[in-house]
Amino acid sequence: MNKSKGGLQLTVQTLSLVAGFMVWSIIAPLMPMISQDIKITSSQISIVLAIPVILGSVLRIPFGYLTNIIGAKWVFFSSFIILLFPIFLLSQAQSVNMLMLAGFFLGVGGAVFSVGVTSIPKYFPKDKVGLANGIYGMGNLGTAVSSFLAPPIAGAIGWQSTVRLYLIVMAVFAIVMFFLGDAKEPKVKIPLVAQTKDLLKDLRTYYLSFWYFITFGSFVAFGIFLPKYLVDHYELTTVDAGIRAGIFIAIATFLRPLGGIIGDKIDAVKALKVDFLFMIIGAIILGIANDMILFTVGCLTVSVCAGIGNGLVFKLVPQYFQKEAGVANGIVSMMGGLGGFFPPLVITYVTSITGTSHLAFIFLALFGVLALVTMWHLSKKNRSLAYK
């Protein structure tokens, strides 16, 4: 394997993922300002914030498959060109419908995740795949970049002009990928239908998808709802709330490679059991939190577990599904993205019914318990699957 080429592609694709996630998550940190200019209800805000997750999740399957057919270079390049249009539309938005339409197509920025996790393992030996995928996953930091930088920039030049700056980011990364992307990346041409049939027959596909639904779903959901939630429930300023949300995202992102390293060294399923146990504890803390300190402790606990858990799950995907890695990555990452779609809606609904959001966090704990049951079942049903 060409180590220098692998290092270059890991760097370029990780930075490209940063750019994609910056765009994918741009609406959430700017929503407090957007809602001042566009008349929008609380329920509509939840929908607008969740909409980018839909396309960003569903497209991960074809993006993973296309990566094996034409290579990461052209999937990334095409995605960045496409994203120019919804970014411009968002900068011109004057109604809720325009926000929804722009947000839907911004989902392309989230879909590029499955490109790298399909491409990167081709450049590294098996005992380094977990670490390599973990480093690539740090591209999730793009969400934190938007959370940290977008609110103060918008405070200075307005949210519309801030969004237009992202046009420059996309153009730059399209050029970078055009010149530095690997046109000679190894291709895997197995019919999509055949790959999908095999995966749908494998219990591990469903279990990995469920685990990632929780770990990555938590990462996405907290990144989406925290800025507005902290402003509404704890009366923080928009900038302060954005910084705190960014810290949550940054911790989860930087710990993702640690999950990959742990998965390279010990059995990843065993490590996931411990990880989910602590996530359950964090969710329970959030469910009973009545002050900012306790809420912060709960958020930080979930952040740590989400980051490590993300790395552990994507250590297992190429380990279990070598020939079907592209589609498997797409399916699992799609479910992770969808895991971020429902929580903001659930929190809004539960709060409207009960007057508090506490019960919504208890749902996260219950999902964690179900995940532990599936891990136990996987090991009991056939230990060779868990230690393959």
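Cβ from N, Cα, C; glycine included.
Pulled from Swiss-Prot, these are the features on record:
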- 14-34: transmembrane segment (TRANSMEM)
- 45-65: transmembrane segment (TRANSMEM)
- 69-89: transmembrane segment (TRANSMEM)
- 98-118: transmembrane segment (TRANSMEM)
- 139-159: transmembrane segment (TRANSMEM)
- 161-181: transmembrane segment (TRANSMEM)
- 206-226: transmembrane segment (TRANSMEM)
- 242-262: transmembrane segment (TRANSMEM)
- 276-296: transmembrane segment (TRANSMEM)
- 297-317: transmembrane segment (TRANSMEM)
- 330-350: transmembrane segment (TRANSMEM)
- 359-379: transmembrane segment (TRANSMEM)
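Most Cβ pairs under 8 A with the transmembrane segment (139-159) among the ranges 14-34, 45-65, 98-118, 206-226, 276-296 are made by 14-34. When each of 14-34, 98-118, 206-226, 276-296, 359-379 is scored by its Cβ pairs under 8 Å to the transmembrane segment (161-181), the top-ranked stretch turns out to be 14-34. In this chain, the transmembrane segment (206-226) touches the transmembrane segment (276-296); three or more CB pairs sit within less than 8 A of each other, excluding pairs fewer than 6 residues apart.
Counting Cβ pairs closer than 8 Å and at least 6 residues apart in sequence, the transmembrane segment (45-65) and the transmembrane segment (242-262) reach fewer than three and form no contact. Within the same chain, residues 117, 129-130, 133-134, 137, 140, 204, 208, 211-212, 214-216, 218-219, 222, 226, 248-249, 251-264, 268-269, 271-272, 275-276, 278-279, 281-287, 289, 325, 328-329, 332, 336, 361, 364 sit at least 6 positions outside the transmembrane segment (297-317) and bring their C-beta atoms closer than 8 Å to a C-beta of that stretch.
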